[in-house]
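One structure is given below, encoded as structure tokens.
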């Protein structure tokens, strides 16, 4: 359940009152502001029916103006929703919550690699019957980069992997030990698990789906700028959310390092140039796009990166990338500020913090109102 926080003191006020009585389930970590109206679009899952509901909250944050049961036949782990100018974008992928398995001593979540995967396009105030579903190849998606409308198509950009990194190896006696070895590439499979966990199958990269609303055709582009790095936690200039974006930014996995909890560390950032090509000697459908990298010093890792638009900025990338970093050699946490237009150059400012910021926290920028 979302908590209301005083932005000046950072003191927690309690549950967000708007949801009292109108929302009685978990709340997505990534709600989206609807382009044009400023309304907040949310989703929430539950282990029992209705498995997923969608809500639209008024732009002033005072009331729930629309809610719909999406009539799912399973509890799928849908971590994020997408929005365009007219539509909500719903991800129904085969990472599911199954309480019956937990009762029998199994894991609460499981990835059904042979299960179905589909993307739903729903009018902003629609219901389950108004959703147009597009079947896609089974995969795992936690985070959406952006969605937008282009002629007859809805374009969905996201981070995709063939299998889910969660719940991870299931047959290990020491779960985190085996998970860490796998991430460090000390083992290429789980040696007996029902799924093989490899870098190629579970590490996410940038992909794109083009969904034709008239013909029902799906065009998929996977790994659109090569195999050099693995990445996650995407973000963009939020002023472009729901519209066609030229740029996106992500955190880059440091392949040899894992945290104490067994998950990846991020040794740098990447800037994706969607409208610039990396290669020109291939068919148009297979061309790779340009990417720039900003890597941090050895044993320094980042988390919680976000984009802050420049006041009066004109271009989409007029702004700053702000991220937490932690130097493990010196045990120092800092805030690092990078000029998005000069992405590969040294940070324009580094602020040393008095306390540690743990890895994994998502970042958000909220300007103070006058």
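Heads up, the Cβ atoms here are built off N, Cα and C, so glycines get one too.
Here's what TrEMBL has on this protein:
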- 30, 79, 143, 362: Fe cation binding site (BINDING)
Exercise. Determine, from DSSP, whether residue 143 (Fe cation binding site) sits in helix, strand or coil.
Key: strand
Exercise. For residue 362 (Fe cation binding site), name the DSSP secondary structure in the helix/strand/coil scheme.
Key: coil
Exercise. Would you list the other residues of this chain near Fe cation - those whose C-beta lies within 8 angstroms of the C-beta centroid of 30, 79, 143, 362 - in sequence order?
Key: 28, 29, 80, 142, 144, 233
Exercise. Could you tally the C-beta atoms, other than its own, that fall within 10 angstroms of the C-beta of residue 143 (Fe cation binding site)?
Key: 18
Practice problem: Could you check what DSSP calls residue 30 (Fe cation binding site) once collapsed to helix, strand or coil? | Solution: strand
Quiz prompt | Residue among the binding-site residues 30, 79, 362 whose Cβ has the most other Cβ atoms within 10 Å | solution = 79
Quiz item: Per DSSP, to which secondary structure element type does residue 79 (Fe cation binding site) belong, with helix, strand and coil as the options?
Solution: coil
